[in-house]
Amino acid sequence: MSSTVAASTMPVSVAASKKESPGRWGLGEDPTGVGPSLQCRVCGDSSSGKHYGIYACNGCSGFFKRSVRRRLIYRCQVGAGMCPVDKAHRNQCQACRLKKCLQAGMNQDAVQNERQPRSMAQVHLDAMETGSDPRSEPVVASPALAGPSPRGPTSVSATRAMGHHFMASLITAETCAKLEPEDAEENIDVTSNDPEFPASPCSLDGIHETSARLLFMAVKWAKNLPVFSNLPFRDQVILLEEAWNELFLLGAIQWSLPLDSCPLLAPPEASGSSQGRLALASAETRFLQETISRFRALAVDPTEFACLKALVLFKPETRGLKDPEHVEALQDQSQVMLSQHSKAHHPSQPVRFGKLLLLLPSLRFLTAERIELLFFRKTIGNTPMEKLLCDMFKN
């Protein structure tokens, strides 16, 4: 098992291995016997195309990109630098995986020189502003957001642009704070030092690590919302303290939808040990599984998730707010966004908007105290959740 020991320049020992012979990876026998099929030259999994100079799978290309961009240094815990790197073992030693990426011919310069992709939010916004998206509708901004403006065409266009930018900011925040199943899988394994028992999303350490990352992403999502960061700082903290548990559950549901089941709901016996983690009661597990099934049945898309998160975050009834009117305007705007997106992208489902709103009460089935106890107590100990959230938010 590997562990991250620093964030600096790429280690010389690993970088030097790039000069070694890449070996004969890349072509495997087609199970049909017709001919060779493309394989990942790093782990042997099915290749999704050329990445950074070689044929590779999404998992290995993503791992290589993150390692280079973050300038991570890994240390082989076994010490020999000869750990197996195949589809079944690729997450066991990050040092050997990175070494094999370089040996196979992946180019670090291709990562560093890669153009950052334009966010989907900006693409969507540009399309709306140029009128190239026939499905887009004029977005009505809340008066409290738009503020007083002169009558006439100018005020209409300004209102529409404000609505477009609100939607764009939601989608941008969603893109910047998205945790993929593959990301969690690869980052979880740094929490264990035992090469024989790598942490996985279903292990005890994996559950706690994934929970912490999902909470961090929820806070990051809120911080990336300009309309949220424009609120008084005290209001931001109060809203986050009020909504963190629902944002965490929404993030966990969104993360688990592509998976067969949610690893966070794994029973203690499947997690390696029940010690240190209280088990979800059977009724709680069943209810959460049913909730995830409802999200899956509706095939909730990223934009809808973003709007639902905004509705959960912007609660004007939260006690202690300095500017509840502004928060209420943001909540109204979030509903407008969700309604118009549903009509534009799912015209054959006239009741979809209502069904999406009816998903929200299920997020309050587990109290914040219960979620903290089940998923975070071992990680944070006696540290108050409010302090953890504040530290995450400030950093």
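Just so you know, glycine gets a Cβ as well, placed from its N, Cα and C.
As written in Swiss-Prot, here are the features:
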type     : residues : note
COMPBIAS : 1-11     : compositional bias 'Polar residues'
REGION   : 1-30     : region 'Disordered'
DNA_BIND : 37-113   : DNA-binding region
ZN_FING  : 40-60    : zinc finger
ZN_FING  : 76-101   : zinc finger
REGION   : 127-157  : region 'Disordered'
DOMAIN   : 162-395  : domain 'NR LBD'
CROSSLNK : LYS178   : SUMO cross-link
CROSSLNK : LYS315   : SUMO cross-link
CROSSLNK : LYS322   : SUMO cross-link
Averaging the per-residue pLDDT over the zinc finger (76-101), what integer do you get?
86
DSSP helix, strand and coil counts for the DNA-binding region (37-113)?
28 helix, 13 strand, 36 coil
Could you list the residues of the same chain, at least six apart in sequence, whose Cβ is under 8 A from the Cβ of LYS322 (SUMO cross-link)?
PRO232, ARG234, ASP235
How many other Cβ atoms sit within 10 Å of the Cβ of LYS315 (SUMO cross-link)?
18
